């Protein structure tokens, strides 16, 4: 139970009533309203971050206490939901927030409480509002005295929970937004193509408009006889029927013209699962040749090409006595003598009214024995600790509805057992099974869709589950508006059961008003068609998921969110009673799509999202699921049944949540490992590049060394060549080149220094230094020229023009870049010069 809020000095359970000990009878504590600080500030509705798109506040009440958890806050009525905002945290309280369409009924209650003062015998009263939801919750709000807040909230709920027209629902107000709905007709045809073994075809609206969708295989065909809903208004526009039989004549023999149509077939074995409504045999046991031929065509194909015909089973979901009673009103059941090689089986599943009452008792049981009960007391305190451990639930049935007496789990087991029997006949015997109840849209939808789920692994995936629901529930006309209690296309809606005011003295539990067992409620329920048929089917799916945790791609959390979306009527997929009505209302174009919304939720986190089943293994259960009878004993579905009455216990068995956390951590480690491996690969690649660069550098260095050696050899050769001309050459590092010329005849020594230009004299060297050449020429004979430089040029330069002096720097030697004297030694120029052998001959 939630702890008392620190902002309130006195808890709603701090003051006892006349006694200090809480016995098993229970009590109602005085609320210290004077200790609750009233909220007087005005609230800007436009700044509410918690409002959805197109959601607007219609009315509000301040200082309201949620009795279940003893929490004070502000209660808002919007055009979509009843919203409770905590005063302490300013956060939405999930228990006190419920969509308007999920409210089954609500009641105003006044509870008189004896004053605890010794000086007075006066009694005070508390004004309460009880909300009973279709999602297993019962919540109670307590309002401040001497205010009209409860009346305002009650009136707002009266207007909004029962809209006059279907277009007044929030789904139409919000519009499709980003969750647009593609045509469900296209998806239905794609499912038919898959069943026919023609999954490579893809349906389109153009195919529907031109009528080119009527494909077939050897046994079955897609018929467009109901394209305009002229055959049956509650059937889809396209039907999968036997290929060789016309079905229009058989429509008059079935209730509401719901003729036998194929729901699932096995193209390999020829086994088929079909559905219809009850035959109109009446008390005269009327027959129809057209209907008998149509039913016989379901099993006309031979088994494995042999002469033996396959067995025909006609599964009647009703108890036998109910079928006989319907015969008196023109309905009834088939006779095995009229249908060749057939067997009639009755499953004994009760009708929608029995399911509604069972659900109400089951909800009362959970609220009575829950931790967050609507009377604000834990079941441990209410029933006393000394009796709690007995475990004898039947002993409590005199005062409260119990789990066993509710019958809910028994009904779930009946649906599971019937579906398992059908799946076994189809899978093991390759038989043909025809399923019907009275109208063929409640119990028939439960049995056929659950059998499909057991037979075909495709339906146990997200995509397949959507195809299954759209085919066997939406397309085949389960009346969702009637069963959920929303307006239909005609404008009539489910009459919510309300007690305008219920005043009584304090009893053992002042709020222990049964949600469906009172006489007024019973009579009201008997006059409407509300019933949790689809909720019961999802409950059956959760039981299969519990038995076969490796067989389903989706998790129990997905089923809870899916069911909440259906009950809230936030999206248009489950509005109206048939495909025809949704088409007339333009639901697909005007409302958002539930499937797109759930897919968007999953896309945010990928396969780590809570909707994915961590244990899903496609190889472990790649065939039909055929549970034995012993495995079909149902139990409570904690995530849905206990989430409001026992929020902690609903999470206690969340082994999947722990595994999911471990999987998320493992996924993070895997990602970190992948990142580390990528970095390691990058480092290895970088090292390889560095190794290649190093090898290149080594090659360059080796080449440079070779070039240096070659240059050294060339320098030595030039030195020898110059010396052979009678010159002495000295190489030094300096900024200038020096040529020393000595003449013995002139007996003079003269040094000539030639400044060099950087752009011309710089040569490539390892240390980037300049190389100066010092040449000393010793002449044996007197040179014809009086200039020492001229003597050298005349001796060395073969390009000197005869009869003319030295033309430096215009001489050919300078143009070739060969600087013999005082400049850089250009060895390439030496190679290009024509050095005659006579220069190297000794005289």
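Yeah, the Cβs are placed from backbone N, Cα and C, and that goes for glycine too.
As given in TrEMBL:
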type: DOMAIN; residues: 200-641; note: domain 'Myotubularin phosphatase'
type: BINDING; residues: 351, 352, 437, 438, 439, 440, 441, 442, 443; note: substrate binding site
type: ACT_SITE; residues: 437; note: active site, phosphocysteine intermediate
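Here the features listed in TrEMBL are placed on the structure.
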{"residue": "351", "record": "substrate binding site", "Cβ within 10 Å": "17"}
{"residue": "437", "record": "substrate binding site", "Cβ within 10 Å": "28"}
{"residue": "439", "record": "substrate binding site", "Cβ within 10 Å": "19"}
{"residue": "441", "record": "substrate binding site", "Cβ within 10 Å": "27"}
{"residue": "443", "record": "substrate binding site", "Cβ within 10 Å": "28"}
Neighbours of 351, 352, 437, 438, 439, 440, 441, 442, 443 excl. site residues, C-beta within 8 Å of centre, substrate: 317, 444
Most distant Cα pair in Å, residues 351, 352, 437, 438, 439, 440, 441, 442, 443 binding substrate: 12
